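Here is what Swiss-Prot records for this protein:
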type    : residues                              : note
BINDING : G84, 87-88, T92, 94-97, 112-120, S124 : 5-phospho-alpha-D-ribose 1-diphosphate binding site
BINDING : G84, N115                             : anthranilate 1 binding site
BINDING : S96, E230                             : Mg(2+) 1 binding site
BINDING : R170                                  : anthranilate 2 binding site
BINDING : D229, E230                            : Mg(2+) 2 binding site
Amino acid sequence: MTIAATEALTRCIEHREIFHDEMLHLMRLLMRGELSPQIASALLMGLRVKKETVGEITAAAQVMREFATPVVTPNPQDLLDMCGTGGDGSHTFNISTTAMFVAAAAGVPIAKHGNRSASSSSGSADVLEALGANLQLTPEEVAECVAATGIGFMFAPAHHGAMKNVAAVRKELGVRTIFNILGPLTNPAGAANQLMGVFHPDLVGIQVRVLERLGSRHVLVVHGKDGMDEASLGAATMVGELKDGVVREYEIHPEDYGLSMMSNRGIKVSNREESRALVIEALDNVDGVARDIVALNAGLAIYAGNKADSIPEALALAFETISNGSARAKLEEFCAYTRKFQK
């Protein structure tokens, strides 16, 4: 065991924060596979039991970004990511993935970071493939997609190869660790703007402050009070916002924007084909909960992407983009463009 690991474990046992430089060092050891499985497991569980701090998560995210395979674009400060933690257990269709087509059609350049299903019925990569997208793209091809269509999708395993060094430990543990909240913090394109859904209310304030330290521009971190890692129509939504260097926390309610409170029962799915059907239904402007929850989340994305000065203005733009067909057209454009790169 390294001296740094011994000190870190002692700090976890005593519920004290691991110093920033120590956390950087330990994460580099983890990402290089230089800690034994026993020490890696002890460290991950120690952090979880102690509860990871903003400083520790920030350091861990910085190291994951160091090890990531980047996507280079001319203006990362304009890009928006829409990547949630997942793990909310709601089994709803892919709301944020659908909303990205609406936001992109409204002029927000999207660099979405996503993966296959871990705990849900359909991950973002799963449903995009069901919709006809090719996700086996090089970083250069992703950047070309962003330039040509306004959307790039970065399949997480292709950009975070070092994660293979902790995969066995995570699988053996079988419980959430710090890595479950690092994914949305490690966008390979360096997107400065973000709409992030989180599975636990405590993460709203934590993640927005981590992104503040990481230098983000405009961020909304959301948690539906019915447990969703999205803005919800079934309950109020907690929001942590970073804008102009200032963090605010507040709640939004569907009724504030003229939306009806609706149950999420009608948007639960059990596989990617059911999710695909609801994506199409929402983008085809079929009246109902699928369309409205997509519009709500797309509105927040448009606001976070700085294409509207307020949430009400952004929500109106989201509904307009759905109703005039441009969001559905954006889906078709993106999928067709990615297929150009099929080997």
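Cβ coordinates are placed from backbone N, Cα and C, and glycine is handled just like the others.
The Cα atom of R170 (anthranilate 2 binding site) lies nearest to that of N115, taking the binding-site residues S96, H113, N115 as the candidates. When the binding-site residues G84, T92, S96, H113, R116 are compared by Cα distance to D229 (Mg(2+) 2 binding site), the shortest distance belongs to G84. Every protein chain considered, the tally of other Cβ atoms within 10 Å of the Cβ of S96 (5-phospho-alpha-D-ribose 1-diphosphate binding site) stands at 26.
Counting other Cβ atoms within 10 Å of each Cβ, the binding-site residues H113, R170 show the lowest value at R170. Only G84, S96, of the binding-site residues G84, S96, H113, R116, have a C-alpha within 10 angstroms of the C-alpha of E230 (Mg(2+) 1 binding site). Cα of N115 (anthranilate 1 binding site) to Cα of G84 (5-phospho-alpha-D-ribose 1-diphosphate binding site): a span of 10 Å. Candidate binding-site residues: T92, N115. Fewest other C-beta atoms within 10 angstroms, N115. Under the DSSP three-state reduction, R116 (5-phospho-alpha-D-ribose 1-diphosphate binding site) is assigned to coil, being neither helix nor strand.
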